[in-house]
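Peer 1: This is the structure, below, for whatever I ask next.
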Amino acid sequence: MSEERVGFFTDTSVCIGCKACEVACKEWNAIPEDGLSLTAMSYDNTQALGASTWRHVAFIEQPRPEGRTELPLAQGESTAQETPVGGDGELRWLMSSDVCKHCTHAACLDVCPTGSLFRTEFGTVVVQEDICNGCGYCVPACPYGVIEQRPHDGRAFKCTMCYDRLGAGREPACAKACPTESIQFGPLDELRERAALRVDQLHEAGVTDARLYGHDPDDGVGGDGAFFLLLDRPEVYGLPPDPVVTTRDLPAMWQHAGTAALSLLGGLAACFALTGRGRR
Amino acid sequence: MSTTGRAGRRRRRGEQPVVPRADFESYYGRPVIKAPSWAAPDIAGYFFLGGLAGAGSVLAAGAHLTGRTTTATALKVSSLAAVSLSAAVLIHDLGKPSRFANMLRVFKPTSPMSMGSWLLGAYGPAAGAAAASAVTDRSPRLGGAATGAAALLGPVVATYTAVLAADTAVPAWHGVHRELPYLFAASATAAASGMALVVGPTDENAPARCAAGLAALADAAVTKAAERRLGMVAETWREGRAGALLRAAQVLTAGGAVTGALFGGRRGGAVASGLALLAGSACTRFGVFAAGIASAKDPRYTVVPQRERLDEASA
Amino acid sequence: MAQLDGDCKGYFLMGENPAVGSANTRLQRLGMANLDWLVVRDFSLIESATWWKDGPEIETGELRTEDIGTEVFFFPAAAHTEKSGSFTNTNRWVQWHHQAVEPEGDARSDLWFMYHLGRRIKEELAGSTDPMDRPVLDLVWDYPVDGELDEPAADAVLAEISGHGPGGDPLSAYTELKDDGSTRCGCWIYCGVYADGVNQAARKKPEWEQDWVAAEWAWAWPANRRILYNRASAAPDGTPWSERKKYVWWDPGQGRWTGRDVPDFVPDRAPDFEPDEDATGPDALRGDDPFIMQADGKGWLYTPAGLEDGPLPTHYEPQDSPFPNALHPSTPRNPVRHLMPREGNRYHPSGDEKGAEVFPYVVTTHRLTEHFTAGGMSRWSEYLSELQPEFFCEVSPALARERGLENGGWATIVTARNAVEARVLVTDRIRPLRVEGRAVHQIGLPFHWGPNGVARGDAANELMAIALDPNAHIQEDKALTADIRAGRRPRGPDLPKLVAEYRSRAGITPDTGTEVRK
């Protein structure tokens, strides 16, 4: 890595769900449209990250009365009348822009048999379209469900953190387009410091739900190059609670495969030894 | 809004868990990880064919060494056929055949698929030479060496596919990354001994009948161990299409082994036993494949074990 | 209405899509079907350009293409990146944008269209002695054109609007304008936008090279003044109210107003100035009268004259409302509201009137981030369309239960004007209203869709009645009543039949909802 490692800090506490990141990403990277159907999942018609979706804004509507100070809007009986006709208590609307995590230990990169996926000088993980041969191994390897093969093409695509823009000294398109600085781009060390301060600030303000996700270099993927400030458990946003890079266990797997192969060899040898030579 | 799909899923058919399903949260019930887009006939088929070829080469070498020439030749041919078909389905799964060349750009121990490509690159010609020599009766020396080489590489061809599957985030595969190689070894042995029973003369099939018995015992034991290891994810091995296939696999493999042991001395019995073993092995591979897909498509199997792990760590 | 009555013969639509964006879109289309000619200039074939061949009334059989006499002209329009020109925002900043690329195909800028239309009309009328043509023939229409497309220089138009003095020199501010015919100006508020012969609106000095007022970023009308009535930032004695927030103040040394911004006051009128008894106009303003556009120089809470309805606001119910007016029981709705009762624009019974229960729910229309107004700029963009691909209605879980609506399913929403179908989004965000002890369910409808484009759907404005506020004549499309039922709407002639059935069930007559008082 010849340059400083850079990344994203996505502070979902200030995301307004405008989806400018999704559009900027598609415009800059010339990604095809991938579906024109209404999902009825709040305002999320994108559904998930994928071959043609490198930023995805999740919308979560939660009934969540506790922990919030409500000022009565009017005196008298109006509050007493708040007997719901249906389940209509207080609710909160969580929005969060998801992206490739650019893991420190990236399973997609590890398992790629062609060398198409590589670690750039910025510490990011990028697929080289001309080398990818469409084997699809990276897809189930990713613990976050980020990378995907494009239908009718077969090759895998995902966020490049705008590798071309980084090379020209520019920030990625999504961060540039974000109007609230929910998506922050910069040197990873700086972002981690900033994120820790932000969590403290939110805790002091009474937002006890605030937590960081993917910031810890000691987690199962060695820390994410794109990490998040969330207001609920990761799984609520469709993120795995405790992802582990699958290749962490690869030495053990090879060992067991070797032992199993030897067992096969030994077992069959034993059969021949037991049954002897010739016609039996 | 049915919001975040907290629990409350429809019950699936099949075995009901003793303990109630754990409450869990997800994003509208959508999967967390992406299931592989591999087609079952291609990839589960490859797992089966690789096992058949690899274990077949070992059996062939044993038969070769112990003078069971007919069986040896037949198995060498079947291994060559199986490995050729393997290569065909793998390349088919890539979409464009020309893309296969990129597999050979790098030699990458962290990628089981890269290792597998090189492995097949070495094993395939050995199996080919062994078969060619046996069929044409030429270059017996080279044939012998090739038979030996194929027999040494064969077990790895049979078991590395377990690493290929386990080295993913797919809960039903990665969760049994220790057990899966043994299951694949057992399944490969069942397939190869089944093939030996079908194509070999009855007076040469004693080792195959023995191997079938071993394979059936190992298959049953490892399947049990794997399900125990998987915890709640074992549901994916027991329910749905995967459950049906894996149950069929147990019945076919055990049945094939018992039939082989009792009636393998007769032609009809040997063929029936062999076909059952081959089918059983195929069911194991397709069953494991289906369990993996099912576990990837339901966020429960990604979220619950991870959440439990976190809660235990913080407790 | 004038179109339906046959009084209005022609219609120019430039960046407007009334077949989707205006109240009672069906009537809008029927109006356009009664024209002699219609000109549509837009990026895409919007609904207002194609209603005559594939509009909803063609499907219902109410219109037949061969019977429509309107001659429809469609001109593809150039986008802002394909032409030079200015945007004026609500901060009054006039911001110039430069052309980046030539427009594709037949697309031309609005300026190109208007200039060449004017030129051709003048050519057509050349030599006419008809006094009616005199003003057109006398019109100076001599903008320089440029490039292969003969694009008029937008810069030259701006310079003309800004104005020139007697010697042809550019004017700097509206204060230089004379009423003796010696100066020329297109519009007084823009006078000075081309001061010193420089396009002031094109200034793009970065924030780090100037102070926080950023007076050299673009240009603000009038006189590049960033905050109006800024004399009020100083106390009556001319000193800043707050040292920290000081903005414009009196400089006694120079005897002038000065500060961060261009002072919005007579430059040398001292804070203690008192006008003569007989002074008139601006001369009659005191030195501590900051609101110089008002006759008395004072800030006003309301305007005493000029309003149809006023001066102070009060509460009236919407035209179609499920409730009587708690504040004015005898006058539920604004008595001077502008109604247009006619076939196709019938109003609902409201409050406790008989038949009001046929339309038991409240509809409100709203916008989405992903689409822009009637969709002409966003529903043809794949990237925006995939984010909000279909027309939907938002309902509470309670209403969904009451009417058997399923999240992701279909619903039909009906008024006396029309019926539309929408996908259902069940959400706790939509709460029932509780008024006078009664709960009434709401239905939220984003209004961006129409039958054309990449993202298609029914237009929410099909449901609206044309009812206008008396002062500004704004259409009332944010509050009305309706019914909702599960499933898709009927097709073909069954659709108007359904709506007629609702009208008769609610007992709607030409007089329903038109009364001034109860």
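Just so you know, the numbers here start at 1 and follow the chain as drawn.
Just so you know, glycine gets a Cβ as well, placed from its N, Cα and C.
Those TrEMBL annotations? Automatic predictions, nothing curated.
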Peer 1: Among A:CYS178, A:CYS271, which residue does TrEMBL name as a further [4Fe-4S] cluster 1 binder in the site formed by A:CYS15, A:CYS18, A:CYS21?
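Peer 2: TrEMBL names A:CYS178 for this [4Fe-4S] cluster 1 site.
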Peer 1: In TrEMBL, A:CYS100, A:CYS103, A:CYS108 are given as binding [4Fe-4S] cluster 3, so which of A:CYS132, A:CYS135, A:CYS142 is in that site too?
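Peer 2: Among the candidates, TrEMBL records only A:CYS142 at this [4Fe-4S] cluster 3 site.
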Peer 1: Rounded to an integer, what is the Cα-Cα distance in Å between A:CYS21 ([4Fe-4S] cluster 1 binding site) and A:CYS103 ([4Fe-4S] cluster 3 binding site)?
Peer 2: 21
Peer 1: Which residues, same chain and not among A:CYS112, A:CYS132, A:CYS135, A:CYS138, have a CB within 8 angstroms of the centroid of the CB atoms at the recorded [4Fe-4S] cluster 4 site?
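Peer 2: Filtered neighbour residues, in order: A:CYS108, A:VAL111, A:PRO113, A:THR114, A:SER116, A:LEU117, A:VAL127, A:ASN133, A:GLY134, A:GLY136, A:TYR137, A:ALA156.
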Peer 1: Hey, which of our binding-site residues A:CYS18, A:CYS21, A:CYS132, A:CYS142, A:CYS159, A:CYS174 end up with a Cβ under 8 Å from chain C?
Peer 2: A:CYS18
Peer 1: So if I exclude everything within five residues of the ends of the domain '4Fe-4S ferredoxin-type' (A:123-152), which remaining residues of that chain have a CB under 8 angstroms from its CBs? That is, six or more out.
Peer 2: 1, 3-7, 48-52, 100-103, 106-117, 158-161, 163, 166, 188, 220-221, 225, 239-240, 243-247
Peer 1: Say you check the Cα of A:CYS15 ([4Fe-4S] cluster 1 binding site) against those of the binding-site residues A:CYS112, A:CYS135, A:CYS142, A:CYS162, A:CYS174; which is nearest?
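Peer 2: Considering only the listed binding-site residues, the nearest one is A:CYS174.
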Peer 1: Rounded to an integer, what is the Cα-Cα distance in Å between A:CYS100 ([4Fe-4S] cluster 3 binding site) and A:CYS112 ([4Fe-4S] cluster 4 binding site)?
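Peer 2: Rounded to the nearest whole number, the Cα-Cα distance is 16 Å.
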Peer 1: Across the domain '4Fe-4S ferredoxin-type' (A:6-36), what are the DSSP residue counts per state (helix, strand, coil)?
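Peer 2: Within the domain '4Fe-4S ferredoxin-type' (A:6-36) the tally stands at 13 helix, 6 strand, 12 coil.
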Peer 1: Can you list which of the binding-site residues A:CYS112, A:CYS135, A:CYS178 come closer than 8 Å to chain B, going by CB to CB distance?
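Peer 2: Listed in sequence order, the binding-site residues near chain B are A:CYS112, A:CYS135.
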Peer 1: Within 8 Å of the Cβ centre of A:CYS25, A:CYS159, A:CYS162, A:CYS174, which other residues of the chain have their Cβ, at the recorded [4Fe-4S] cluster 2 site?
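Peer 2: Residues close to the [4Fe-4S] cluster 2 site, other than A:CYS25, A:CYS159, A:CYS162, A:CYS174: A:CYS21, A:ALA24, A:TRP28, A:ASN29, A:TRP54, A:ARG55, A:VAL99, A:THR160, A:MET161, A:PRO172, A:ALA173, A:ALA175.
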Peer 1: Hey, which of the binding-site residues A:CYS100, A:CYS142 is the loneliest by Cβ count within 10 Å?
Peer 2: A:CYS100
